[in-house]
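Trainee: Found this in TrEMBL, in case it helps:
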- 66, 104, 312, 316: divalent metal cation binding site (BINDING)
């Protein structure tokens, strides 16, 4: 499969518009075209050891969940390990693609996989994603009524304002008088100019409505998950379930004030990777994530919420096996999809 066709198919699998605004997702390294992809190599973190494995296994494209290029590179030399990744990729004609938080948000993504650690449960996103294409333009809608005498002058001035769209005017009857109802979409910046213009005529301004245009929420899509277990389970049983699902001999646990290992868990909030900002303020019996700041853990515990930490990438890496099988079907078995054997969390328990 040609690289650009594969990238398009991967984008269909998980729209990059769902990624967080701060993220760096998509095709990060592209060999000169044409570039055929026979082997797609999956990894959670692209380290130099993993890169050598990809070279040995003749990968044509690396899908690295975490983007190996995040902060801008000012040069590409042999001096730093991230620069060397780019050099090795281009020398061996290997592309690099990263989905990161787009895979966090999708219903069939990383967080959905992590919910399986809890057992039977229902879940909803903690921070739902919004549709990327609606409304098509503008952040606000402004509607007002004016008499026909002033209509042309008002419309003329409005058309001079930048970042205005969907400008329409329709006949309207207001308090028994024939008038025209004007509707327009505009940006936040343009809104200030529209309001300034309309406020010059108090009668016109008092017949003005300003609506905030909000994009519809996407079902089952977004950051984090709030899970309701089918049956309450003791914290100690949840610990064993998490260890089993993530294949970990040890996890870290902070027991909430007033709770014990035998306290029941009915609601759990989770976030793969680093969960502090996503989980903060959520009411639950348990927080499950890879890592949290010390003070956020203290806050949770003080509020009677227990915290399970498994290290950052341990809450993500296991998804790759499931992803391999799903992508094979999505790509209609046109290419070989393999998972790195060298990829691992950098932290160990000594």
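Just so you know, glycine gets a Cβ as well, placed from its N, Cα and C.
Predicted automatically and left uncurated, TrEMBL annotations should be read as such.
Show me how these features fit into the shown structure, please.
Mentor: Summarising the environment of residue 66 (divalent metal cation binding site), the number of other Cβ atoms within 10 Å of its Cβ, over all protein chains shown, is 17.
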Trainee: Between 104, 316, which of the binding-site residues has its C-beta surrounded by the fewest other C-beta atoms within 10 Å?
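Mentor: Lowest Cβ count within 10 Å among the binding-site residues (104, 316) is 316.
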